[in-house]
Amino acid sequence: MIAKPATKYQAMAPVALPDRQWPSRSITRAPRWLSTDLRDGNQALFEPMNGERKMKLFLELVRIGFKEIEVGFPAASQTDFDFVRRLINEDLIPEDVTLMVMTQSREDLIARTVEAVKGAPRAIVHLYNATAPAWRRMVFGMNVTQVMQLITHHVGYLKQLTDARPETQWTLQYSPETFSATELHVSLKACQAAIAAWNAGPGRPIIINLPTTVENATPNVFADQIEWMDRHLSPREHIVLSVHTHNDRGTGVAAAELAVMAGAQRVEGCLFGNGERCGNMDIVTMALNLYTQGVHPQLDFSNITAVARVAEECTGIPIHPRHPYAGDLVFTAFSGSHQDAIKKGFAAQDPNALWEVPYLPIDPADLGRTYDSVIRVNSQSGKGGIAFLLEREHGVVMPRRMQVEFSAVVQRHTDASETEMGATQLWELFQATYLRAPAAPAVVCHSHRLDEDGQGIELDVTVQGVRQTLRGQGNGPIAATVDALGLPLRVDHYEERATGSGANAQALAIVEAAMEGVNGATFGAGMSHNIVTASVQAIVSVANRLAHRLPHQAGAAAAHA
Ligand SMILES: CC(=O)SCCNC(=O)CCNC(=O)[C@H](O)C(C)(C)COP(=O)(O)OP(=O)(O)OC[C@H]1O[C@@H](n2cnc3c(N)ncnc32)[C@H](O)[C@@H]1OP(=O)(O)O
Ligand SMILES: CC(C)C(=O)C(=O)O
């Protein structure tokens, strides 16, 4: 990098538009969308799509709800030409969908393009030429007057060819390529030349499409340019004003959104922002941004993952895991405080009220994603996410202090393994921690028999390797079991809940207890189809966990003695 970038790069001059209106407008309805996945998106691939992949993506675009689809550059490639022919010959274009085809402003290419769409009921021919000073000077070697003549001549030629084929309803789309880098009066002149040569008006539709071919300014500058054009284009009521933004500065979506506020009626882009260099405007993101503002985009992304897989398969370009709305990780919170807030938010969310779950701008269910994938657990995670996953997946509702205790267990585990844990691994760890006997258990309970009055219990146990029968009395199975074990245990909290339902239902008993000689309380758990068995196991579990924390650990047997 150089020390003085101003000697090499220049900021875009602001537009003189002191009474600009767009900043105080908001978007209240979806624009007309055009998908250019099969044209601009296709130009950006290592390996352009073959006919089969184009067809798969075309059908998906139709299913999503696109009504205008740019299907290719038929004069440039036989694959594109054949693809367009196939769509027409095999009658694969739904009645409410219009194809668009692109061509440079050259007679041979225009003629071949018109040939490609012969017989289509409707077609948009997209004619373009670059208008910015650098292109005029370096690429075309033309002055402004010559550029205007180029436009007038080629639009006129297209009009002549299309007038000769009245069976098709023709629309001209004219793009002054590099619009955002072109002086506004030159862009306007170019567009007016196209409008005049097409004789645009009632029955002669025209789309004026203004691109940031290379995004070269902040989105507010583009919005000003669009509002300026919106005010000056004529006859405005017969023109559909469209924008086609790119993402070189990372603000392709923002530029399109502000452009709509500034008067654009139509927006071009690609799914997931595929496209030249840093991509075209990402239609999925813009559409779902609208949705989260309460405006239906009129595109169906209710199974966003399926759309993502089709796009990846057809383009060969993977979607980033943090891609807005669609990335694998966007509904995943790793940090503890986020997990905690999300868990509480889901619990508090009224399904009929406005969405306000913290940290989630959209309900994952609206995109066909599940709540279960919302939270994953790694070493940055706190108790909220762990509790959420265990409750959702396994019906385990831990008391708050147990959540704190178990999250420390999980933390040690994830720190050591340096991996994240899913619900299955968490459940494994929960079982290993609370439900299974430790490697050297102080007490193993083989069976138990509760007296009929529920106040006396007989335990068949092994204590420190010695098998024996112990008897205890109490006002219920918990107290009777503690009494039978003869340990200095103090049960502080007990709860039991059903996990699962029907024949698979099991009781999960959780106890919090302290023991003389051991610092602090801890938790134990038992799980069984039988509620008494679950309680007895929970006491044995907590006794073993406490016994392992005795200062000179001789096990529960020592305490027992
Ligand atoms: C921003 C965009 O995405 S615009 C779309 C860009 N997409 C594509 O170009 C993909 C398909 N294009 C192609 O395959 C080729 O460019 C073709 C087949 C159309 C034409 O190929 P060629 O005839 O070999 O021309 P080439 O690709 O070198 O284009 C450069 C020539 O076209 C001229 N040209 C470029 N754009 C345009 C235009 N929009 N209108 C008229 N002429 C143009 C250039 O001035 C140059 O002319 P010159 O040879 O007289 O100097
Ligand atoms: C709209 C056309 C010409 C385009 O792809 C662009 O300028 O980026």
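Backbone N, Cα and C atoms are what each Cβ position is placed from, and that goes for glycine too.
For the Mg(2+) site, TrEMBL records HIS244, HIS246, ASN280, and the single candidate of ASP37, ASP40, ASP483 listed with them is ASP40.
According to DSSP, the secondary structure content of the region 'Regulatory domain' (437-561) in residues is 35 helix, 52 strand, 38 coil.
Put plainly, the binding-site residues HIS244, HIS246 were compared by Cβ crowding within 10 Å, and the winner is HIS244.
The residues near the Mg(2+) site, meaning same-chain residues not in ASP40, HIS244, HIS246, ASN280 whose C-beta sits within 8 angstroms of the mean position of the site's C-beta atoms, are THR36, PRO211, THR213, THR245, GLY252, GLU268, GLY269, CYS270, GLY275, GLU276, GLY279, MET281, in sequence order. Shown are the binding-site residues ASP40, ASN280; the one with the most C-beta atoms within 10 angstroms of its own C-beta is ASN280. Regional average pLDDT for the region 'Regulatory domain' (437-561) in the model is 89.
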